[in-house]
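Student: Take a look at the following structure, please.
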Amino acid sequence: MSDMIRAEEQELEKSLVEEGDRTASKASEAESAVSSDDNNTTSGKGHCAGNEKEDVSDHEDSTSKKRKSELEDHPRKVHLEEGHGQTVAAHYNELQEVGLEKRSQSRIFFLRNFNNWMKSLLIGEFIEKVRRRKRDITVLDLGCGKGGDLLKWKKGKISKLVCTDIAEVSMQQCQQRYADMKARCRSNEYIFNAEFITADSSKELLSDSYSDPHMCFDICSCQFVYHYSFETYEQADMMLKNACGNLCPGGYFIGTTPNSFELVKRLEASETDSFGNDVYTVQFEKKGEYPLFGCKYDFNLEGVVDVPEFLVYFPLLIEMAKKYGMKLVYKMTFREFYEEKIKDEENKMLLKRMQALEPYPANDNSKLVSDKPDDYEHAEKLMKDGKPKLPLGTLSKSEWEATSKYSLQSLILLFIKTV
């Protein structure tokens, strides 16, 4: 981002932060402080069914039986209130599950894999940070969807996972994926214990549905979900309470969210109330009016649900998080995160294994995802200017634009629990 754009952002923050501080302060005074009684930690070691080789104490054996019972339960469902949340739930419930072959034919197959690669690195990084100080790791996956990160948690060898999402059908698919993953593992292969909760995390207190209401999490992962809660202060606050209220001291809240400053900047540069290309579109209701809460826009990415989202004013989010003992460690764009991580050769290899970039030119048995002649001009130029090893790894120009204007300019957020 250029110095001029940074200056514009700083000026915008300066003009709005006082209003945001007053909003957060007034709301915080109206509510009691969050209880800090998070010292009762539920964590343990899990294995596949049939693996009883470990010597355990009576207490550990009792805990193991309790967890086994939890795994056999159906997902717990919390009553969903009327409103925008039900609209989101309905959209995701109507999504059809598709196989790998059909997903590989999607226009945004490589773009999705690229974003998934970045998320894998983010999750892996903070699992390792926690493991440096403790063995058993408990995680809250807030807005887990169909369970797209289950394998990441398995690879990280966490001990306990709580999955929650607003969409009941997605939660059923998530639990089935977990059951299938558990059934496939070998008798001596490690796998975490899990529980599943269907709830609107912006309106319902999740701890009421935990097997242990005082369960303490080392990590809360909230990937492209939190911005749905910025419809009202009350919803944004409840989402934060669910994300951070049960974090252990030193626990991490990691998340990704669209960059509101970038979205507004693109909108103001557009001649209409929308911007995008043949891969994605962002549609606002009106230019020039950006309230702290309820600033709605519609985002559509090919093959992804088109439901209303809300701008998140970041300085206000920082102030609201303080109520729950959270301190901002860093925020960075996807682009900054990518440029940092791609320096590592192991990360480069993972990028290739995950098929996060499209081979160019296409081989004889496949075709490029885009039919537009100029969508690969950047790759052609690179081939002419040098002698790179073929095939190249790239994304079409339309996907790069979607990535740079939306995904790569989205923010990675990291908070740590200080009390």
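Using the three backbone atoms N, Cα and C, a Cβ is placed for every residue, glycine included.
This is the feature table in TrEMBL:
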- 1-24: compositional bias 'Basic and acidic residues' (COMPBIAS)
- 1-85: region 'Disordered' (REGION)
- 25-36: compositional bias 'Low complexity' (COMPBIAS)
- 50-84: compositional bias 'Basic and acidic residues' (COMPBIAS)
- 106-414: domain 'MRNA cap 0 methyltransferase' (DOMAIN)
- ASN115, ASN116: mRNA binding site (BINDING)
- LYS119, GLY143, ASP165, ASP200, GLN223, TYR228: S-adenosyl-L-methionine binding site (BINDING)
- LYS146: site 'mRNA cap binding' (SITE)
- LYS152: site 'mRNA cap binding' (SITE)
- ARG177: site 'mRNA cap binding' (SITE)
- HIS227: site 'mRNA cap binding' (SITE)
- GLU309: site 'mRNA cap binding' (SITE)
- TYR406: site 'mRNA cap binding' (SITE)
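I would like each feature placed in context: is it buried or exposed, what are its neighbours, and how far apart are things?
Tutor: On the 0 to 100 pLDDT scale, the domain 'MRNA cap 0 methyltransferase' (106-414) averages 89 in this prediction.
In the three-state DSSP reading, ASN115 (mRNA binding site) counts as helix.
Taking Cβ-Cβ distances under 8 Å and a sequence gap of 6 or more within the same chain, the neighbours of GLY143 (S-adenosyl-L-methionine binding site) are THR164, ASP165, ILE166, SER201, CYS222, GLN223, PHE224, VAL225, TYR226.
The number of other CB atoms found within 10 A of the CB of LYS146 (site 'mRNA cap binding'), across every protein chain shown, is 21. LYS146 (site 'mRNA cap binding') falls within neither a helix nor a strand when secondary structure is assigned with DSSP, and so counts as coil.
Under 8 Å, Cβ to Cβ, and six or more positions away along its own chain, LYS152 (site 'mRNA cap binding') finds LYS119, SER120, ILE123, GLY124. Look at LYS152 (site 'mRNA cap binding'): DSSP puts it in a helix.
For ARG177 (site 'mRNA cap binding'), the same-chain residues that are 6 or more apart in sequence and have a Cβ closer than 8 Å to its Cβ are LYS146, GLY147, LEU150.
Annotation for HIS227 (site 'mRNA cap binding'): spatial neighbours THR257, PRO258, GLU309, PHE310, LEU311, VAL312, criterion Cβ-Cβ under 8 Å with sequence separation of six or more.
Using a 10 Å radius centred on the Cβ of GLU309 (site 'mRNA cap binding') and all shown protein chains, the other Cβ atoms total 22.
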Student: Near the Cβ of ASP200 (S-adenosyl-L-methionine binding site), how many other Cβ atoms are there if near means within 10 Å?
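Tutor: Result for ASP200 (S-adenosyl-L-methionine binding site): 27 neighbouring Cβ atoms inside 10 Å.
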Student: Starting from the Cβ of ASN116 (mRNA binding site), draw a 10 Å sphere and report how many other Cβ atoms land inside it.
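Tutor: Other Cβ atoms found within 10 Å: 15.
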Student: I'm trying to understand the geometry here, so how far is the Cα atom of TYR228 (S-adenosyl-L-methionine binding site) from the Cα atom of ASN115 (mRNA binding site), in Å to the nearest whole number?
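Tutor: Their Cα atoms are separated by 19 Å.
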